[in-house]
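Data first, discussion second: the structure below is written as structure tokens.
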């Protein structure tokens with residue numbers, strides 16, 4: 001209350017910031033007459049000279065801002081036929097300063113971005129513009145590219161599905177690159193899995209503008225980007241667990257206020273946290289159905305995990321709400337956009353459980369090869385900024401997580417949209433009856449209406465009801481998204497009725513004509529409050545763009561998920577006291593406030609969830625930075641790895657002696673020479689001279705002798721190749737080892753994270769425990785990298801030239817022999833057909849020779865089994881092969 005009163009007297013912090021920017025706008029406006037007089041060539045020449053000064057570091061970007069913004073505005077007038085408004089100049093400065101510009105729908109965010117994009121592209125380090133989908137990336141790159149090209153900048157676009165490294169590298173090497181958050185993030189992960197530096201596509205992380213920043217940095221922040229590979233684990237457990245889950249009954253949780261109260265049924269649901277709790281009765285039932293004595297023994301730990309996921313799949317996740325079945329696959333529906341998330345899968349076996357539930361092919365479980373959260377990816381940039389129509393409700397999170405300030409930019413024209421109070425009904429049926437009646441009324445008078453739904457299921461239900469009423473309408477959901485932009489663009493036509501899930505069509509303006517303005521503009525009808533106030537505000541923001549009239553209202557029921565799960569009993573009591581009859585609703589600011597409080601509860605839960613994920617990922621992120629830095633040093637190194645190999649060899653030998661409890665200061669009586677040589681032989685294939693080792697008098701002499709012998713073995717091994725080849729081999733092996741050991745480390749970290757929450761029951765902070773144990777795992781990883789590099793380098797064997805030539809001859813003979821046999825078969829086949837021209841056999845396609853079994857005799861005539869002869873060397877490629 002006090003803050004509000006002070007705000008009215010002195011203005012809010014946001015007001016003061018905007019006023020400060022407005023003073024700078026006056027300086028830009030003062031330059032407009034000067035640049036208006038210049039010809040196109042003179043304008044380009046002026047800009048080129050500014051760019052040269054920036055590159056020569058004679059001028060900072062901040063110093064150049066006034067002239068650059070004035071030039072961009074003038075260039076835009078000439079090539080785009082659009083002039084930046086003063087408020088758009090303010091938005092551009094907010095973005096350049098690395099903050100979030102909150103601008104209402106229709107205020108021209110795409111045009112605003114051109115100002116800081118051009119300014120920050122002048123230093124030739126690259127600017128990335130992130131959009132929510134490929135359509136917007138392609139559209140904005142094409143539309144704004146005309147302006148950028150006029151000023152001498154190149155523009156690239158990164159699209160999903162096109163993974164040609166050369167094309168992507170060219171796009172990243174452009175001055176300005178457009179793409180989606182997923183594509184930028186995955187390219188970063190893929191770059192850190194490349195084996196040649198020239199194959200990397202990204203060139204750094206300088207400046208990024210994130211369009212619809214709330215959607216990307218808030219809504220999608222709970223879902224990390226993961227590159228994974230198959231694990232070859234059995235999938236039968238998911239099918240069995242699904243059968244068991246279907247036989248279990250959901251009950252009610254115990255009353256926390258009654259000590260004697262017990263949970264009923266086989267399991268209970270916590271819908272707020274999407275969790276399942278199995279009761280004692282449920283455990284007994286599951287053990288009987290699985291045929292095991294103890295569901296939670298170590299031997300059955302996997303079974304209990306399968307059952308937990310099967311229960312979630314069957315009782316918490318709904319088809320056409322959380323996912324759809326498309327072309328025999330379970331595809332996730334993005335809960336914030338209503339779009340299908342093709343290629344994305346639920347983790348921890350939940351996706352496999354859903355596949356078992358729906359009876360489609362169960363895909364293999366995957367193992368993480370590389371991962372990163374959006375929070376940590378976007379924090380890689382030297383400067384991060386964003387723009388959206390709705391960010392103030394999440395200002396605290398933007399500040400705490402990303403160090404970004406949200407600044408609301410005034411609209412160019414006053415907002416005329418009327419936002420009505422919510423109408424609340426007892427049941428969903430009554431609500432939908434009222435919704436249909438309102439749509440019929442609006443449709444009859446020709447006022448366009450955009451109907452927002454929270455799920456595909458609800459949008460299809462509305463579709464059926466409107467079809468019965470013979471009202472022409474369009475439906476836009478994840479099942480029907482091909483014409484998304486067109487459907488949304490036409491939603492402002494007279495008499496149009498459009499049903500859309502959540503914020504489908506974001507980034508596409510709904511324009512109306514004068515006739516529709518006279519009818520009251522676009523009517524927004526929400527059929528359910530979303531868990532986030534932001535999503536509701538986005539829906540409302542589709543109407544009333546650029547000073548147009550409009551109206552919005554939400555229709556709710558006590559059976560809606562938000563009110564049922566999170567709503568207080570206050571709303572229910574009010575409705576009961578009023579004694580409402582069927583079909584009657586309540587409209588009250590008090591009730592609307594109660595609904596907003598329910599939304600705040602959910603937002604708080606989600607914020608804590610994202611914060612929790614980030615706190616844990618921050619631990620992994622520090623380790624990721626170290627490994628990726630080390631890997632990049634290897635990848636980009638033109639130097640010899642000789643010194644690193646020497647150092648790693650010393651550490652490896654120290655580790656071997658440590659494992660045998662041989663320490664510095666020990667006498668030679670404590671040296672078990674046979675064990676030392678046995679371990680080193682098993683790990684490196686090298687056979688040490690026991691006599692020489694026996695002569696060592698102390699730890700230092702023993703260690704030096706082992707180092708000398710291994711070094712000599714290695715030098716002898718590398719003798720057949722020249723220095724450049726050796727460097728290339730060593731680099732490749734080191735990179736492979738880093739990737740393999742990092743992959744295993746991520747798996748260990750996943751296991752640690754899965755069970756760490758249980759530490760809380762022992763009054764220990766899970767996060768502290770996770771930090772401590774993950775550090776220990778990382779120390780082990782570093783040691784393993786050193787040891788594995790030495791083991792692998794010493795295990796390689798180069799083929800001699802004689803061996804290579806012998807193999808080539810044997811393979812050539814084998815192929816000739818097989819082809820001769822094949823020709824005989826073909827001729828016999830022609831003769832059997834009774835006088836057919838045998839010359840025709842020349843045109844018969846070549847057939848691959850029969851595959852030789854690994855245990856069959858090798859066709860080369862050596863007398864060995866195929867696997868021990870040419871079957872051993874055949875599949876191996878390159879200069880060397882591992883001695884397995």
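Backbone N, Cα and C atoms are what each Cβ position is placed from, and that goes for glycine too.
Just so it is clear, the model here is predicted, and its values are computed rather than measured.
The feature ATP binding site is assigned by Swiss-Prot to 88, 106, 107, 108, 109, 110, 509, with sequence analysis given as support. The annotation region 'Disordered' is assigned in Swiss-Prot to 822-884. Annotation source Swiss-Prot lists compositional bias 'Basic and acidic residues' at 833-842. Swiss-Prot lists 858, 860, 869, 870 with the feature Zn(2+) binding site.
Listed in sequence order, the residues of the same chain lying 6 or more apart from residue 108 (ATP binding site) and placing their CB within less than 8 Å of its CB are 82, 84, 85, 88.
Burial estimate for the binding-site residues (88, 110): highest at 88, by number of other CB atoms within 10 Å.
Around the Cβ of residue 106 (ATP binding site), a 10 Å sphere holds 22 further Cβ atoms from the protein chains shown. Counting other Cβ atoms within 10 Å of each Cβ, the binding-site residues 107, 509 show the lowest value at 509.
Spread of the ATP binding residues is 17 Å (greatest Cα-Cα distance among 88, 106, 107, 108, 109, 110, 509). In the three-state DSSP scheme, residue 106 (ATP binding site) falls into the coil class.
A simple way to gauge crowding: the CB of residue 109 (ATP binding site) has 24 other CB atoms within 10 angstroms, across all the protein chains here.
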